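Chemist: Structure in structure tokens, see below.
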Amino acid sequence: MTENYAAVLHGANDVRIEKIPVPEINDDEVLIKIDCVGICGSDVKLYSTGTCGADVIDKPIVIGHEGAGTVVKVGDKVSSLRVGDRVAIEPTQPCRSCELCKRGKYNLCVEPRYCSSMGAPGNLCRYYKHVADFCHKLPDNLTMEEGAAVQPLAIVIHACNRAKITLGSKIVILGAGPIGILCAMSAKAMGASKIILTDVVQSRLDAALELGADNVLLVRREYTDEEVVEKIVKLLGDRPDVSIDACGYGSAQRVALLVTKTAGLVLVVGIADKTVELPLSQALLREVDVVGSFRIMNTYQPALAAVSSGAIPLDKFITHRFPLNKTKEALDLAKSGAAMKILIHVQN
């Protein structure tokens, strides 16, 4: 077995490639030779600020949580995987004993260990261990790159399930970053009849048109919320059944509440502003449901199946690739907003 190298974050804008021990596995775990790892918005937040949500970097930590690789060792109690299996890593290790875990809502576990948080190391390294039942075999026709990129897709499929998207749904997605684009691709696969994406950056909207949007709206900063609502309704020909906030800003959430049709639904999947002022009364009086979505809940297998069947062309979502020793450059590019999905090939 070769040496293990990892991308280790020491603080804001301080990522280093370091040699770390190859981990010893427990009976219920597998050791994975990582092939590639995707860069996510939360990785960028950690890299840029040294914090993400409740996590504060007060000691060095391996980053990365969108990984795929090959099993090279299995624990004594593992029967579902064998050496040589190619797997996508669902980056959580729930406690399995809290009330929410027992109800199947393991994404809301009260004491989870999640990759690249202060509870668990990330997988942007050459060798990584993980609990076997959260490692999913890749279909034969999927690449390792698609296996890594399935992680954000699984997040989005859970979100779209929460949004109750069905055949014929009319959708507006506010924010054409990676999550917004994947929402469009997933909603299209679920049968949405018309999908509009909005953003303040034209290049993102151009990508959205290639990857599932029927129409797009460039939102200029001087537009009022009411002007954005009016333009969405004009493009859609109606008010949307479902409005998805995929950026997390108060302006997007206000527009979502105002534009959604009576008895429709607003899904908030992006979280950026901690406190926002919202026109809730108008939405509640029209029985507009407002729901959130957090991480992944039983959607890795559907995500893998959707990519394997061709329903979601995930390969088109991947735009940039870097070797492990260029992790800083990859994070800087992701920070600039000029890339859709960046993958790091850790064995290079």
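Cβ from N, Cα, C; glycine included.
From Swiss-Prot, here are the annotated features:
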type: BINDING; residues: Cys40, His65, Glu66; note: Zn(2+) binding site
type: BINDING; residues: Ile179, Asp199, Arg204, Val269, Gly270, Ile271, Ser293, Phe294, Arg295; note: NAD(+) binding site
type: BINDING; residues: Arg295; note: substrate binding site
Chemist: Would you kindly give the Cα-Cα distance separating Glu66 (Zn(2+) binding site) and Ile179 (NAD(+) binding site), rounded to the nearest Å?
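Modeler: Just about 14 Å between their Cα atoms.
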Chemist: When you rank Cys40, His65, Glu66 by Cα distance to Arg204 (NAD(+) binding site), which of the binding-site residues ends up on top as the closest?
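Modeler: Of all the candidates listed, Cys40 is nearest in space.
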Chemist: Need the DSSP three-state call for Arg204 (NAD(+) binding site) to compare against my parser.
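Modeler: The residue in question, Arg204 (NAD(+) binding site), is helix (DSSP, three-state).
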Chemist: Check the binding-site residues His65, Arg204, Arg295 for other C-beta atoms within 10 angstroms of each C-beta and report the one with the most.
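Modeler: Of the binding-site residues His65, Arg204, Arg295, the highest Cβ count within 10 Å belongs to His65.
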Chemist: Taking the Cβ of Glu66 (Zn(2+) binding site) as centre, how many other Cβ atoms lie within 10 Å?
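Modeler: Summing over all protein chains shown, Glu66 (Zn(2+) binding site) has 31 other Cβ atoms within 10 Å.
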Chemist: Does anything in the same chain, at least 6 positions from Gly270 (NAD(+) binding site), have a Cβ under 8 Å from its Cβ, and if so what?
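Modeler: Same-chain residues close to Gly270 (NAD(+) binding site) (Cβ under 8 Å, separated by 6 or more) are Gly175, Ile179, Gly180, Asp245, Ala246, Cys247, Gly248, Tyr249, Ala252.
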Chemist: May I ask you to report the DSSP-based helix, strand or coil state of Ile179 (NAD(+) binding site)?
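Modeler: Assignment for Ile179 (NAD(+) binding site) reads helix.
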Chemist: When you measure from the Cβ of Ile179 (NAD(+) binding site), how many other Cβ atoms are you left with inside 10 Å?
Modeler: 23
Chemist: Taking the Cα atoms as reference points, how far is Ser293 (NAD(+) binding site) from Cys40 (Zn(2+) binding site) in Å?
Modeler: 17
Chemist: Calculate the distance in Å between the alpha carbons (Cα) of Cys40 (Zn(2+) binding site) and Arg295 (NAD(+) binding site), and round it to a whole number.
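Modeler: Counting only the Cα atoms, the answer is 13 Å.
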Chemist: Cβ within 8 Å of the Zn(2+) site's Cβ centroid: which residues qualify beyond Cys40, His65, Glu66?
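Modeler: Going along the sequence, the neighbours come out as Val37, Gly38, Ile39, Ser42, Asp43, Gly64, Gly67, Pro91, Cys115, Ser116, Gly122, Gln151, Pro152.
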Chemist: If you measure His65 (Zn(2+) binding site) to Arg295 (NAD(+) binding site) at Cα, how many Å is it?
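Modeler: Here the two Cα atoms are 12 Å apart.
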Chemist: Measuring Cα to Cα across Ile179, Asp199, Arg204, Val269, Gly270, Ile271, Ser293, Phe294, Arg295, which the record gives as the NAD(+) binders, how far apart are the two most distant ones in Å?
Modeler: 24
Chemist: Ranking the binding-site residues Cys40, Ser293 by other Cβ atoms within 10 Å, which is at the bottom?
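Modeler: Among the binding-site residues Cys40, Ser293, the sparsest Cβ neighbourhood within 10 Å belongs to Ser293.
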Chemist: Given Glu66 (Zn(2+) binding site) and Arg295 (NAD(+) binding site), what distance in Å do their CA atoms have, once rounded to a whole number?
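Modeler: Roughly 12 Å, rounded to the nearest whole number.
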